[in-house]
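What follows is a single structure, written as structure tokens, with notes after it.
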Amino acid sequence: MANQTLSSAVMGTYNRFPVTLVKGKGSYVWDEEDTKYLDYSSGIATCNLGHVPNAVEEAMNQQLGDLWHCSNLFHIPSQEELAKQLTDNSCGDQVFFCNSGAEANEAAIKLARKYGQDVQQKEQSQIITFTNSFHGRTMATLSATGQEKIQQGFSPLTPGFDYLPFNDDEALNQLEELSPTAVMLELVQGEGGVIPANQQWVERLASICQNQDILLMVDEIQTGMGRTGTLFAYQQYGIEPDVISLAKGLGSGFPIGAIIAKQDVANVFSAGAHGSTFGGNPLATTAGLATVRELTETPVVTESKKIASYLWQELESLKEESTIIQDVRGMGLLLGVELNQPAIDIVHKARNEHQLLIIVAGPNVLRILPPLTTTFDEAKQFISVMKQLLT
Ligand SMILES: *Cc1c(COP(=O)(O)O)cnc(C)c1O
């Protein structure tokens with residue numbers, strides 16, 4: 001029987017803002033009262049092409065009239081084509097499709113364990129992840145996540161994960177002795193506070209992985225799909241991961257996740273080894289395909305770098321004037337502004353007083369996630385709000 005004392009029939013897993021959004025286009029969203037907001041949260045790094053981007057809308061409208069779902073018992077042309085686009089534009093060779101970020105990392109974890117058994121001949125496979133990381137909310141991915149607050153209350157955790165300190169050079173010396181099957185990391189820790197991995201640390205990690213036959217798995221669920229100024233963040237680090245996890249921006253808001261893997265790794269997923277009913281269905285991969293085409297065949301990602309460097313410069317100079325800003329960091333249009341006060345207060349003020357939507361990454365960090373399609377005028381508007389709130 002329904003609990004009469006609760007005001008919502010939806011479980012209370014989210015702290016929601018007191019706003020109901022009903023429409024979106026480009027960089028803007030509108031609420032029920034028709035108030036217009038500049039959306040620099042992008043559905044948490046998901047609407048990278050802005051809201052309801054024309055190219056994706058058109059492709060989806062066509063697909064909605066043709067076929068929504070047919071299961072992976074049949075060939076799916078848009079799935080094949082999206083996989084081809086993703087492999088043509090990355091160092092990977094084959095793709096597995098699923099429906100979310102956690103599911104993508106689940107697939108990566110299963111793939112690593114199977115590779116450990118089949119190729120490395122290990123009975124038990126350990127996977128190394130890093131402190132402060134975020135890899136998802138399912139049992140395996142919250143166990144992979146290096147944050148106790150995410151794991152609290154859900155023991156027993158899934159075994160098979162060891163955590164090393166992020167960006168810590170000395171910690172890498174332990175890799176040889178730990179002899180893991182795989183290492184999984186975010187190149188910019190998103191939920192953990194917008195913390196980029198150090199270039200030299202990543203290079204050394206990648207070279208240890210290569211020398212010791214450890215799989216290098218990058219969680220690009222937040223950093224991927226153009227967010228950091230290249231299609232994938234790893235491309236700016238000059239490394240070649242064995243496995244790449246994707247979700248968030250892949251479908252412009254339609255739920256879809258994926259892993260891209262190198263051929264020798266992908267090979268261990270033979271028929272029956274893994275699967276998903278919805279994974280890569282015609283509707284989802286139509287959204288993904290239109291999104292990836294837009295990101296790779298138009299200058300949107302290159303153009304976004306200009307906006308990113310403008311925002312970076314402006315935020316850096318705000319930092320000079322401000323007693324509140326402690327640090328400005330990030331990569332491309334995944335920006336973090338660390339404050340010496342609770343970031344959520346600024347988030348509320350930005351929304352209530354300036355109709356600007358931004359979010360937090362941890363208690364003291366503002367997370368700024370403009371659509372890659374944002375204009376200089378919008379970026380200026382954003383900076384003017386930041387100036388009013390932070391100086
Ligand atoms: C959002 C996120 C996830 C989880 O994705 P879901 O779609 O919410 O399951 C995993 N890893 C990273 C880096 C993320 O940003």
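Backbone N, Cα and C atoms are what each Cβ position is placed from, and that goes for glycine too.
Owing to the predicted nature of the structure, the values given are computational and were not obtained by experimental measurement.
The pyridoxal 5'-phosphate binding site annotation in TrEMBL covers GLY101, ALA102, PHE134, ASP219, GLU220, ILE221, GLN222, THR277. The N(2)-acetyl-L-ornithine binding site annotation in TrEMBL covers ARG137, SER276. Taken from TrEMBL, the feature N6-(pyridoxal phosphate)lysine applies to LYS248.
TrEMBL feature annotations superimposed on the structure.
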residue	record	DSSP (3 states)
GLY101	pyridoxal 5'-phosphate binding site	helix
PHE134	pyridoxal 5'-phosphate binding site	coil
ASP219	pyridoxal 5'-phosphate binding site	strand
SER276	N(2)-acetyl-L-ornithine binding site	coil
Shortest C-alpha distance to GLY101 (pyridoxal 5'-phosphate binding site) - which of the recorded positions ARG137, LYS248, SER276: LYS248
In sequence order, those binding-site residues of GLY101, GLU220, ILE221 whose CB lies under 6 Å from ligand 1: GLY101, ILE221
Site with most surrounding Cβ atoms, counting all protein chains shown within 10 Å, from the binding-site residues ALA102, ILE221: ILE221
Other CB atoms within 10 A, centred on PHE134 (pyridoxal 5'-phosphate binding site): 25
Which of GLN222, SER276, THR277, all binding-site residues, has a Cβ with the fewest other Cβ atoms inside 10 Å: THR277
Recorded positions clustered about ILE221 (pyridoxal 5'-phosphate binding site) [Cα within 10 Å; pool: ARG137, LYS248, SER276]: LYS248
Count of other CB atoms lying within 10 Å of the CB belonging to ASP219 (pyridoxal 5'-phosphate binding site): 31
GLN222 (pyridoxal 5'-phosphate binding site) to LYS248 (N6-(pyridoxal phosphate)lysine) - Cα separation in whole Å: 6
Cβ-Cβ distance under 8 Å to the residue listed as 'N6-(pyridoxal phosphate)lysine', same chain, at least six residues away: ILE44, ALA45, THR46, GLY101, ILE221, GLN222, GLY224, MET225
Inter-residue Cα distance where the pair is ARG137 (N(2)-acetyl-L-ornithine binding site) and THR277 (pyridoxal 5'-phosphate binding site), in Å: 20
